[in-house]
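Trainee: Sharing the feature lines straight out of Swiss-Prot:
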type	residues	note
BINDING	202	substrate binding site
BINDING	442	heme binding site
C-alpha cells in the first residue's frame, strides 16, 4: 500500500517538476519550489502581490522565476529588461498564458486583451485601432465627445452643491458614454437601467478575475466545483447577453457606406470577408458575432473601469495634498479663467495638472503587473534563457517605485515631472510605462490621457473639491484587482464662487 502511495507521489513529482528545454542554458534565479504547489508556500502571504514581488528583488535580483502552481513564471522588475520583453522582443513575448478565469472572461480567448497572439488577435487589434482613427476630426472628434459627457457630469455634480458624495457612479456614467459613443454612436441617459447592469457586471468580472484563483495556478482543479468560476461565468453571461442584444438591434440599421464607430468597423470587416473582398488575414471565422461582441466587451472593460479608477485616485491624492490642489486652482484660473471651458490645447498651459496625472499613474498604475505575457518561442531576457510557454510578468510597480530611478518614490511629487522653473514637462526617468509598450500596449492610451486631463480640468475649474466635514480622508492603500482600485470615499462638492459669478455675468 505505502509503496503504491510513494510511487504515485514520485510519478506526480516527475510530471509536474519543471523541466528545462535547454539544459546547458542559464536561467533566472528561482524561488524554492515543490511539486504540484510550486513556490506558493514560499511566497509572502500578506500584502499586495506586486509589492511582495518587488521586495523579493532585493534577494533574487531584477529578474527571477517562481513556480505558480504548475507553471513557471518569470518576474521582470527593471525597465531595461521590461522594454526588452515588451518592445525589442515584443513578438517573442506577445502571447497570453491560458488561464481558466481569463478563458471565461474572453469567451475562450477571443477579443483583444486576453486573446493569445495570432491572426485573430492581430486582426481585432488592427480594427480597433482603425476605429479610434475615425475620431480624429470633425463632428466625431474625440475631444468633442469627451467634453459633451463631462459637461453633463458637471451639471449633475452641481446639483449636489455643498454635499459630500461618492463620485464613482457619476464619473462611471460619463466614461461609459464616451466608450458607448465610440462603439455604437449612442449614449445613456441618467437613470437608464442598463447603466447599473454594466456597472454590476464590470465589478463582478473584475472582482472574480482577481481572486488569485488556484484553478489558474493548478488547471486540473477545474474538475472540482468552484464558486469563483461560477460567479465569473454569471457576470460574463450578463455582459454577453446585453452586448448581443445591442449587436442584433444594430444589424438592422448597419450601413456599409457609413462607417462611424467600432461596431461599424467590425461588421464591415465581416461583410467584406463573407463576400471575398478582404485580404488573406481577414478570415470570416475570426469575425463571428461572438468574436465581435468579445472585442466590444474588451473595449468597454478596459476603457471604463480604468479611467474611472484613475480619476478617483487623482482626487484622493489631491485631498491628501491640499497644497498641490491650491496650485492647480491657481494654474487653471490664470491660464483658462472662467469665460470658456478647458480644451486639449490647454495641456501646453496646464503643466502642473498634466504632471499631477503622470504622477498618479506612476504611484498607482492602472495595472501594477500589467496583464501576464507568454513566451511564444524559446527566447531570452537579458542574459537568461526563457523557454517557450513561460509566463512573464512585468512588475510595473517595481519600475515605478525603484529608488535608483525615482527620488522618494513613495511620495506624491508631481513637480518631479516639471523642470525646476515649472515651465516645461520633463521625463525624470525612463523607468515609466503606465500604459505598457510594444505590440501589447494599451490601444486606448490617447483616449485615456485626453479623458483624464479634461475631466480633471473641468472639475477643478468649476468645483471646490474638499474633504468631507467629518474629516475622513480616502485610504491610499488600494485594492489590487485586474485594475488597481481605490476604496470608496466621499468628496465635498462646492460650486466655485468665481465660476458662479462668471456664469451670472455671461447670462446678463
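Cβ from N, Cα, C; glycine included.
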Trainee: Let me check the 10 A CB neighbour count of the residue listed as 'heme binding site'. How many other CB atoms are there?
Mentor: 19
Trainee: Ten-angstrom check, please: count other Cβ atoms within 10 Å of the Cβ of the residue listed as 'substrate binding site', all chains counted.
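Mentor: By my count, 21.
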Trainee: What does the structure give for the C-alpha distance between residue 442 (heme binding site) and residue 202 (substrate binding site)? Integer Å is fine.
Mentor: 19
Trainee: What kind of secondary structure is the residue listed as 'substrate binding site' part of, going by DSSP in three states?
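Mentor: The residue listed as 'substrate binding site' sits in a helix per DSSP.
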